[in-house]
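**Student:** Below is one structure. I have some questions about it.
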Amino acid sequence: MKTIFSLLKLTLLTVILFAVIYPLAIYGIAQFAPNHGKGETISVNGKVVGYQKIGQKFDKSNYFWGRPSAVDYNAAGSAGSNKGPSNAEYLALVQKRIDTFLVVHPYLKKSEIPSDMVTASGSGLDPNISPQGALIQVKRVAKERKLSEDKVKALVEANINTPKVMGTPTVNVLELNVALDALSKKGS
Amino acid sequence: MNTELFGVISIFIISIVLAIPLGKYIAKVYLGDKTLFDPIFNPIEKFIFKISGISSTEEMNWKQHLKALLSINMVWFFLCFFVLLFQGSLFLNPDNNPSMSPDLAFNTAISFVVNCNLQHYSGESGVSYLSQMFLMFLQFVSAGVGMASAAIIFNAMKERTTDKLGNFYNYFIKSCTRILLPLSIIVATILAFSGTPMDFDSKDAITTLQGDHVEVSRGPAAAFIAIKHLGTNGGGFFGANSAHPLENPTYFTNAVELWSQLIIPFAMIFALGFYLKKKKLSYVIFGVMTVGFLLLVIPTVISEINGNPAIEKMGIAQTTGAMEGKEVRFGPAISGFWSIATTVISTGSVNSMHDSSMPVSGAMELLAMMVNAFYGGCGVGILNFYIFIILAVFISGLMVGRTPEFLGKKIEAREVKIAAFIAILHPLLILSGTALASYFAAHDTAMGYWFSGNATGWLNNSGHHGFSEMLYEYTSSAANNGSGFEGLGDNNPFWNITTGIVLLLSRFIPIVGPLAIAGLLANKKYIPESAGTLKTDTTIFGVMVFAVIAIIAALSFFPALALGPLAEYFTLK
């Protein structure tokens, strides 16, 4: 009994050290981080339109689209599809996504569609697409927005993050679309 | 693609290079030498032990060590169980998440106490911040227990005859304060400045650019994610674990998180060499482990970069490789590397969904956990490898007709019996669990209390891949890993309770076994090295250990792998 009591005291003290003091210290440090450690947001005209790191749903034809999401971009319940590579239903779904993509982008050849545009991400909240995934949407977006293709293409290129040493090239869909809105406004 | 491969190779090399000085530091901590943090932590530890009335200097034999280890784990289990069971009505629950069901609380409490972090809930909706903080406490102390066990083994390997093997509480607390805490503070700070949230606010409701309403989960994630990796726990703060863009915001944080799960398992091996002043022995061990790791990682990275042949056939461009379940900011190369790092080491955090990995990768992930001794988890990796060393010494001894000896101690029937039992336990737990679940799934049994509906309902994929989902779940539980083929419907009494039992047995028996062997050996007469001694710090002995591992893992698991991922590989065209 005496040992149990001692062990409880030891547990309580270590809880204070590792689950109270440690997180509070990090909380204190995070006050100096971007947006005080609450997650970086992106605002338009002073109104928060999203989190910079969290992907959001874009399905309107005048925006660049992100990747398919297994949770429909629900940022309070992240998950992937967990479909196995040989799952027949899953493969049919990918085929359907390709067909739909080609209907909306009739100017494309199948071989121009990168795999990230027709597969769901791991988190369901992927904020990025590959540069190729953005470039193939330029023609559609330009037409919808009545902007010149060159201008929209230049916008995409300005939004490609190319890694210098290590990493993958990415395009942040939300940032691109915010810039696109700004471009439209300037153009009209 | 080159920048991706360069990323993979440089993270691996940086981890090895930094593990050497850290190993030296860890050896100093366990030897009780002076270290950098003494002025800060000496008084804190003294205070903790004084208030608790526990001696941190009294030397213990191996049985006393085990008694201390098991009793404190029991205390943690019950506390955690009750916190989870009543979290809905306790404080620090701004999102009003409900309390856990008893079977889920049972599974979760065990899983965090044993350093596995199998999660049958989703972080956003399944736990309160109070629970998250308590689980984070367990991430510290469960890693500390693993490292303390390794320290006891180090102590037992010294060239002397004794039954006194140091003090458990001393090893345990120092592992937490001197090693895990300082590194966690560094990693958590990097994460917080890279965009991982560290707040206690509830969900944020926003209107997106195109006008949808969404809620965004946040919370004290940065502190949690740091120790989740450093302690090789792997339990995610959010449901999608390190694939979640707040849990792992950039390629750089991904590198930091990878580094932090590799560094302590690497460093522990070097620490062994510094501790015993037998550097060559630790190089041989590290070499064997690295060969094993590379043999698993290379096929995985290649198959992920090549992508899914079934999608290739549809005629689209797979220049970025297999992307189902992966994030664009990481890409297939580092995701493949991570999937093996996290399974070889018992972390179990994921940055891509393993259920959607290519069949070859799935096989390698499974094999990594089935072997469970290449690097391995915080401290316990060495324990698992120790078993294979004992077996290899015994077999080589028989082959050359000498009494098997390891570090000057005779290995006799009793030690070999324990080692053989531990080596058999792992496949036994995995395969009997999988056989049970497969039996129900094959007969589509109505499960009653155990699962709502028929047994096939828990599968997210059919056929070979469905079998792999069940095999993976038990393998992950038995290897104390915690990753999953997450499509499996596992939050129900059947999976919560059966994996809970596997978790318990596969954590504590593999700690008890090696400690018993080490304790028994330490008590034997020391025989100085002579011309007749079988040298254990040579390449040839390394090859021998590798062969023992390959034979045990291949023989026990090959049939199961053939039914699951290998069959899927050959049917996928």
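FYI, residue positions are counted from 1 along the chain as it appears here.
Heads up, the Cβ atoms here are built off N, Cα and C, so glycines get one too.
A TrEMBL annotation is a machine prediction, not a hand-curated record.
Summarising the annotation, TrEMBL assigns transmembrane segment to B:6-27, B:68-92, B:133-154, B:175-194, B:258-276, B:283-302, B:374-398, B:418-442, B:494-521, B:541-563.
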**Student:** Counting Cβ pairs under 8 Å that sit 6 or more residues apart, are there three or more between the transmembrane segment (B:68-92) and the transmembrane segment (B:6-27)?
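**Tutor:** Counting Cβ pairs under 8 Å (6 or more apart in sequence), the transmembrane segment (B:68-92) does not reach the transmembrane segment (B:6-27), since there are fewer than 3.
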**Student:** Does the transmembrane segment (B:494-521) come near the transmembrane segment (B:6-27), with 3+ Cβ pairs under 8 Å (pairs 6 or more apart)?
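**Tutor:** No, the stretches stay apart by this measure.
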**Student:** Cβ pairs under 8 Å with the transmembrane segment (B:133-154): which stretch of B:175-194, B:258-276, B:283-302, B:374-398, B:418-442 has the most?
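**Tutor:** Looking only at B:175-194, B:258-276, B:283-302, B:374-398, B:418-442, the most contacts with the transmembrane segment (B:133-154) come from B:374-398.
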**Student:** Between the stretches B:175-194, B:258-276, B:283-302, B:418-442, which wins on the count of C-beta pairs under 8 angstroms to the transmembrane segment (B:374-398)?
**Tutor:** B:258-276
**Student:** When you scan the chain for residues with a C-beta under 8 Å from the transmembrane segment (B:6-27), skipping those not six or more beyond its ends, what do you find?
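**Tutor:** Non-local partners: 35, 154, 179, 251, 255, 258-259, 262-264, 266-275, 282, 301, 333-334, 337.
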**Student:** Six or more residues beyond either end and a Cβ under 8 Å away: which residues meet both conditions relative to the transmembrane segment (B:283-302)?
**Tutor:** 8, 266, 269-270, 272-273, 332-333, 336-337, 339-341, 344, 357, 360-361, 364-365, 367-368, 371, 373-375, 385, 536-539, 541-542, 545-546, 549
**Student:** Any residues 6+ beyond the ends of the transmembrane segment (B:418-442) with a Cβ under 8 Å from its own?
**Tutor:** 370, 372, 387-388, 390-391, 394, 455-456, 458-459, 466-467, 470-471, 473-475, 477-479, 494, 498-499, 502, 505-506, 509-510, 513-514, 516-517, 552, 556-557, 560
